[in-house]
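The Fe cation binding site annotation in TrEMBL covers His252, Asp254, His308. For 234-354, the entry in TrEMBL reads domain 'Fe2OG dioxygenase'.
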Amino acid sequence: MYGSTEDAERTAFRKAEKKYKLYYDNTRKKKQPRPVDLSDVIDFKSISESYHRNGELPSGIFPIQCDLHTPIFCLETHPGFYFIPGALPVEEQCRWIKESLTSFPQPPNRTNHNAIYGPLQDLFAAAKDNKVLIQEEQYCGTNNSEVEIIQNDINVPTWNFFDQSGALSKGGTCKSVPASVLLRKLRWSTLGMQFDWSKRSYNISLPHNKIPDALCLLAERMAAPTLPLGEVFQAEAAIVNYFGLGDTLGGHLDDMEKDWSKPIVSMSLGCKGIFLIGGKSREVPPLAMFVRSGDVILMAGQARECFHGVPRIFTDKENAEISSLELLFSDEEDSALLEYIKTSRININIRQVF
């Protein structure tokens, strides 16, 4: 789209990404996050509270009423964009956080780890138990491209999880990586119809786990206000994004689905972040807004043609705003979930493909 990387770096969207991205100022004591001006970031939580008190809204924002317990806010500049603050009760947030970590990355669903390690069974449980992923001895010394051929030709894992004692017994001859590191490097998983990132298209031939019925019904209910009366949203595919401290999602378009009149249903879970939505090119200055755990964004029609991304998440206690999640994850059996979500954000994007 642009003549050079240097041109892309000068676009309005890229400038906004760099404005909100996490940078550090080095001091003699420790790294300190560089202060960032958040005065232009739209805060739909505050807008909703003000609207409930006195019915007032900022210029350029208008509500639509629906069967949900909260109004939906729209942007005059972005037809087809809908923001539902606090759409998900905290109990439902906890449910989908747990599913996103324990169920959604399970094979045959694919994750970003498939390219190197193949399918990983029970990654979250392995990280919780301090296990180590070790390459099977018969594949030691095999390069990644050869391993991928093996994985494609033979349905056998070339890497497996072992506890610490098992890892020691293997010695240091084979490659290994702690499961906790892999969990922190989990960037995406796909459920329902699988998306082939190398071809940027859906591959109906890839095996996959069905999207849970409860998630399909939730997406259907959230999407209803964007559709004509009588039409129903069909959840056919989903991409789950995982963010840690300093992680970003660069400006992009979600343009692989056949019918753009059907919305993308985007659910935010965990730490607060900043979401950018621009225009049909990266030259259009984007709007920035906070997204909190339980918020839902819908993008349909013209909004599907707009570049969007996530340049920042907040993991410090003051700004993460996850105290309600911490209360519900306070049981000892949920300690691993709490430890993860205290410094992470999860986003579930649900789509109708056909």
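Indices start at 1 and increase along the chain as displayed.
Keep in mind that glycine also has a Cβ here, set from the backbone N, Cα and C atoms.
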Practice task
Have a look around His252 (Fe cation binding site) and count the other CB atoms within 10 A of its CB, chains all included.
Solution key: 10
Completion exercise
Same-chain shell around Fe cation excluding His252, Asp254, His308, C-beta within 8 angstroms of the CB centroid, reads Gly251, Leu253, Asp255, Cys306, Phe307, Gly309
Handout entry: DSSP-assigned states of the domain 'Fe2OG dioxygenase' (234-354) in counts, ordered helix, strand, coil
Key = 25 helix, 45 strand, 51 coil
Problem - Count of other CB atoms lying within 10 Å of the CB belonging to Asp254 (Fe cation binding site) - result: 16
Practice task
Output, ordered by sequence, the same-chain residues six or more apart from His308 (Fe cation binding site) with a CB under 8 Å from its CB, or 'none'.
Solution key: Gly251, His252, Leu253, Phe275, Leu276, Ile277, Gly278, Pro286, Met299
